[in-house]
Amino acid sequence: MTEQQFHSGFVSIIGRPNVGKSTLLNKILGDKIVITSDKPQTTRNRIQGIHNLPGCQIVFIDTPGIHRAKSRLNKYMVDVALSSIKEVDVILFLVEADTKPANQEETILGALASAEAPVVLVINKVDLVAKESLLEKMAAYSGLYPFREVIPVSALTGDNTGRLVQVVRDLLPEGPPYFPDDILTDVPERFVVAEIVREKVFRLTHDEVPYSVAVVVESFKERDDGLILISAVINVERDSQKGIIIGRKGEMLKKIGMQARREIEELLDTRIFLELFVRVSREWSENKQMLKEFGYE
């Protein structure tokens with residue numbers, strides 16, 4: 001790499017739930033930008049972490065774990081994870097050193113068959129296994145897919161993550177940086193909150209309200225005591241839809257708010273105050289400006 005060359009690109013971290021994707025990203029960046037938990041599915045949307053190096057910018061994408069989707073939200077999360085495979089320059093497939101390949105890994109390997117980007121196998125939690133066991137795991141996975149590299153790491157301790165970053169750097173194409181060098185991440189909590197509220201609208205109103213509902217989080221503030229204040233607007237196209245969502249004496253809107261609040265609190269691992277409003281935005285689904293404002297373009 002000469003002084004005139006700059007390399008940049010997007011790198012997707014994929015794997016089954018709770019394999020350590022968020023922990024790895026936080027360790028590489030040297031800061032906690034992604035919620036981590038012992039519970040699977042802590043990450044519910046793609047989260048970008050920007051790693052700036054001399055002559056290089058790596059934009060990491062931490063995706064939801066790929067799993068068997070059951071709920072609408074889970075299907076959305078899996079779609080987000082799988083779609084990232086088609087949009088990046090390098091793919092990091094993260095597995096655990098202390099577990100054998102299972103159905104979830106086979107599902108991911110099947111999806112990788114159509115990937116055009118080079119795939120690096122990252123074997124996490126090497127601090128938990130003996131060297132002989134690690135070598136067996138590396139050989140087993142290498143026989144399942146033509147990985148560009150196989151890198152053992154410990155996301156918890158940071159062992160060998162420097163080598164991983166160097167491998168990624170060498171695989172990136174030439175190009176200018178995508179973000180200013182003082183930007184660490186673009187964390188879309190408000191977009192995830194909007195999706196959760198929208199799902200509750202669909203579930204609680206059933207077929208009474210069509211899918212022409214857009215939720216916009218207009219305010220997202222954290223107080224000194226840790227309480228997060230969220231204000232969101234549920235946009236509908238007709239007055240009759242507004243009445244259904246509000247319900248008799250406001251009971252339906254109250255239910256939507258209560259169920260959404262519980263799920264958001266579990267996601268963010270803190271208390272929240274959720275304030276919901278319903279607004280008639282006539283024919284918003286056909287209005288280019290409104291579509292842009294609501295985040296659909």
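Note: Cβ is positioned from N, Cα and C throughout, glycine not excepted.
As recorded in Swiss-Prot:
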{"type": "BINDING", "residues": "15-22, 62-66, 124-127", "note": "GTP binding site"}
{"type": "DOMAIN", "residues": "7-174", "note": "domain 'Era-type G'"}
{"type": "DOMAIN", "residues": "205-282", "note": "domain 'KH type-2'"}
{"type": "REGION", "residues": "15-22", "note": "region 'G1'"}
{"type": "REGION", "residues": "62-65", "note": "region 'G3'"}
{"type": "REGION", "residues": "124-127", "note": "region 'G4'"}
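Across the region 'G4' (124-127), the model assigns an average pLDDT of 86. Across the domain 'KH type-2' (205-282), DSSP classifies residues as 30 helix, 27 strand, 21 coil. In this structure, Gly15 (GTP binding site) belongs to neither helix nor strand by DSSP; it is coil. Just so you know, the Cβ of Gly15 (GTP binding site) picks up 23 other Cβ atoms within 10 Å once every protein chain is counted. By neighbour count, meaning other C-beta atoms within 10 Å, the densest spot among the binding-site residues Asn18, Lys21 is Lys21.
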